[in-house]
Amino acid sequence: MTELEGPEFGKADFVLLDEVTMEHFMENLRLRFSKGRIYTYIGEVVVAMNPYQPLELYGPSVVEQYRGRELYERPPHLFALADAAYKAMKRRAKDTCIVISGESGAGKTEASKYIMQYIAAITNPTQRAEVERVKNGLLKSNCVLEAFGNAKTNRNDNSSRFGKYMDINFDFKGDPTGGHIYNYLLEKSRVLQQQPGERNFHSFYQLLLGAPDALLASLHLQRDPTAYCYTQQGTQGSAGGDDARGYRAVEEAMAVIGFTPEEVGAVQRILAAILHLGNVQFVAEGEVAALEAVEQLAVLAQLTGTTPEQLRQALLARTVATGGGELIEKGHSPTEAAYGRDACAKAIYERLFGWIVGRINASITARGYDVRQHGKSTVIGVLDIYGFEIFDTNSFEQFCINYCNEKLQQLFIELILRQEQAEYQREGITWQNIEYFSNEPIVELVEQPHRGILALLDEACLAVGTVTDALFLANMDARLGHHPHYSSRKLCPTDKTMEFDRDFRIKHYAGDVTYSVEGFLDKNKDTLFQDFKRLLYNSMDPVLRAMWPDGEQSITEVTKRPLTAATLFKNSIVALVENLASKEPYYVRCIKPNDQKSPVLFDEERCRHQVAYLGLLENVRVLRAGFAYRQPYDRFLQRYKMTCEYTWPNHLMATDREATQTLLEQHGFQDDVAYGHTKVFIRTPRTLFCLEQERAQLIPIIVLLLQKAWRGALARRWCRYLRAAYAIMGYYKRHKVKAYLLELIRRFQGVRSMPDFGKSLAWPEPPAVLSRFQENSQQLFRRWRARQIVKNIPPSDMAQIRAKVAAMGALHGLRKDWGCQRGWVRDYLSSASENPGLALPFAHRVQALRDKVHFGAVLFSSHVRKINRFNKSRDRAILITDQHLYKLEPRKQYRVMRELPLSMVTGLSVTSCRAQLVVFHTQNHDDLAVCLHKTQPRGDERVGELVGVLLEHCRTTKRELQVHVSDRIQLSLRGRKRLLTVETQPDVAAPDFRKSRDGFVLYWPGS
């Protein structure tokens, strides 16, 4: 927190100075710089000193310290300002902007990058992919734009040679959804010429010193900037491999932004073409120019996607259309050809830079943004524009740059100083007027219609006849000589710092600047022969061709005179200032501590001069006498009314002013506020922070209240919908049910008299609600129909019917035949026809057993063939009563050989073929395997009868009996596991058991 900074660091806010004088201001600035405190506040303005060294002030931990904090809660920092602009945008849904100003080399570009870094770090907590794409594009765009738009100057190693304003769009949650970059006045003359100690744009050196050897070979380039006219001036490549690292960083950034490999290759070819174009030299051949080295054309043609002949024609001549539409080809002199070559190189680089900016904008623009879905879109603008420049030789570019800085200073004065004081007067707030320097006369000197320097420059460019730069200067001397901020050698003959017919001086807010008028007219006209435009429009390279849409015009087409460079720049700056004025501004005022780029040297005079012309002292005085925050009463209440019981949810007082006064007095802030006619003014940010804290505590409660009310309304509405839907559904269901039942009655009303009792009738398709009803009805109908059929069966046959039903349930679909179609006798051994000669002995044996164990009934009896303990087949008989299973010896008066309680039988196994094999599984693991034998007629199917009889008996005794159907039966004989299979043998007369490797095989006679 700022109050935790000890007195040894000075005042963290210049507003807290004991005395507001230049001496005290400079003393505090010097002290903080010497202690490594490069940021200091003036209220909500950040004064930033360029440290000229890396500082550990921008890592993730520092970001977390400033996230969501108020300005005064942490030491001064760019992050605090960025967070304040972000919070203001979110809280009030109002567009904000951050204006970064200062002279060249003061650290504006670095400040803009740190602000972008902070905004990217605190947004998109849910890591949405689209938001991450936009953030990465915004961050990486800086790297690309610096490479193509920045250069080393004598004052700054990474000087922005263009102006940049970036709009970042946010959704209602505060996540970035897109952005747009505006660029202003690229210093394209730097492509041709640089002052001693300076360099061309970084992009050329990065390509020459960082590209792989194979790429350089394909572009016909040498790894030597001194080999090319456009890069051999001034100083050369940076030490330490900075250009090589920059090349790799730019390639990576372009890939992240979305440049395709083809587009990157086209950019590299265009840069190489500019370098080669600069090496094209001309010689006189009679009255016209000729190429010094014709072989260069082949390389240029390859790089630009044109032909050598087309290039030669465009470089050495131009086509002029007469008034009658006749075309005349006019050859260039060597001087004219060199001028055309340089104009073409400048224009190509300018169009390339504009195309790159447009390509970045296409990548970061908001996609699919729907206001109804995402809410209102708000914007944070970040302005990083060239600083005030005073060089040894100042030309047209410095004139435009300094004019831009005058306009921004005018905006600062208008918003911070003039409007601030005017608002206090308008609102009736007691106020002590603060004097300040107004640069409005300087701005008017430059841009005033018909009388300003820009108007006179355009007038000279449009004049008929030969007009030179010296004539333009003479016209300015005549028209502007009386202006207090303008002078020249002619007006001040004793001032030998200026040359006659060359120099003029403007007393800017930041100091006096002497401009050389040489080249003003030419740079303002920005002439480029139409032949070059047509040449590049017809290029085979789609990227290069897209940069020259104006080359499509016919040679004879009459077009309007294009606006001059100065007019275009003025219009763009006026639009920029209007855009900034519509937003809530936040300022970063960058100060350059020295010209030696030293991290320890504090140049008192240089810093004092910057503080003076930036108006920082006046800014302190205005804030000391004024208020940090103001808001119309209705908007103030709208935001904070929930913090006071008398204003929530709506006040009953006469005016909003009374309600605001009541709210602030309840919190005890009456001594820190003033009440205007339409607005409330709050002096310190701490008061506002306290209100915000209380509001933040109450918002969740209000949200819950609103959620409860809204959810209740939604639930009630949904309930009404449901009731209506259920009513409709109920009526419709009743209609469908009624129709179904009527149709069902109609179809089945005569079913009792039908021969099949309705078996052949089709049931109507039921509605979904009656599907279960139909299933139950069909089941009841089947039972009713079965009862109708069964009631005609004699009671004596019912036992047989039940047994057959039980057998069908166990064997139907599993065994080919189970004797359903014949009558079941059960006790076959008591039949004289089935058991001739032995029926009587069997009857005696049955009677003896009945007398002994008193069983109730004989369930089944039959001759069988079985396996004995010696694994031999033997003829036996079985008798099954309701209590026991008996194995009998027929040849010995049916003597009982084995008696097995029926309760010991756990299951039966039969085969799927016609073999009459039955295995009785027992609890004691001594199973009985028999084959029904000696049936009359021969081969009669009785397995199904045996199964059905036993199942029906178990059903009546409520005991479960498992029935298995398989052609490979597992059984246990005296505790040992055996496998029993069946084979059909045509040559076997009677069934017979044989031993096999795994157990036994039953050979069944074939048919």
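In case you wondered, yes, glycine gets a Cβ from its N, Cα and C as well.
Sequence-distant contacts of Ser104 (ATP binding site), defined as residues of its own chain at least six apart whose C-beta falls under 8 angstroms from its C-beta, comprise Thr153, Arg155, Asn156, Ser159, Tyr386, Gly387, Phe388, Glu389. Taken residue by residue with DSSP, Ser104 (ATP binding site) is part of neither helix nor strand, so it is coil. Taken from Swiss-Prot, the feature ATP binding site covers Gly102, Glu103, Ser104, Gly105, Ala106, Gly107, Lys108, Thr109.
The residues of the domain 'IQ' (699-728), classed with DSSP into helix (H, G, I), strand (E, B) and coil, number 30 helix, 0 strand, 0 coil. Positions annotated as domain 'IQ' by Swiss-Prot: 699-728.
Residues or ranges marked as domain 'TH1' by Swiss-Prot on the basis of sequence analysis: 813-1006.
Long-range contacts of the region 'Actin-binding' (573-595) within the same chain, counting only residues at least 6 positions beyond its ends with a Cβ under 8 Å from a Cβ of the stretch, are 29, 33, 42, 44-50, 52, 78, 81, 84-85, 88, 94-103, 105-108, 111, 115, 155, 165, 182, 184, 379, 381, 383, 387, 403-404, 407-408, 410-412, 414-416, 601-603, 606-607, 610-611, 614, 616. What Swiss-Prot records for 573-595 is region 'Actin-binding', and it gives sequence analysis as the kind of evidence.
For the domain 'IQ' (699-728), the residues of the chain that approach it from at least six positions outside its boundaries are 642, judged by C-beta separation under 8 angstroms. Per DSSP, the region 'Actin-binding' (573-595) is made up of 9 helix, 8 strand, 6 coil. Other residues of the chain with a Cβ within 8 Å of the Cβ centroid of Gly102, Glu103, Ser104, Gly105, Ala106, Gly107, Lys108, Thr109, the ATP site, are Asn50, Asn156, Gly387, Cys590, Lys592. Listed in sequence order, Ala48, Lys108, Gly387, Phe388, Arg589, Cys590, Ile591, Lys592, Gln610, Leu614 are the same-chain residues at least 6 apart in sequence whose CB falls under 8 Å from the CB of Gly102 (ATP binding site).
The DSSP secondary structure for Thr109 (ATP binding site) is helix. A 10 Å cutoff on Cβ-Cβ distances gives Thr109 (ATP binding site) a total of 24 other Cβ atoms nearby, all chains included.
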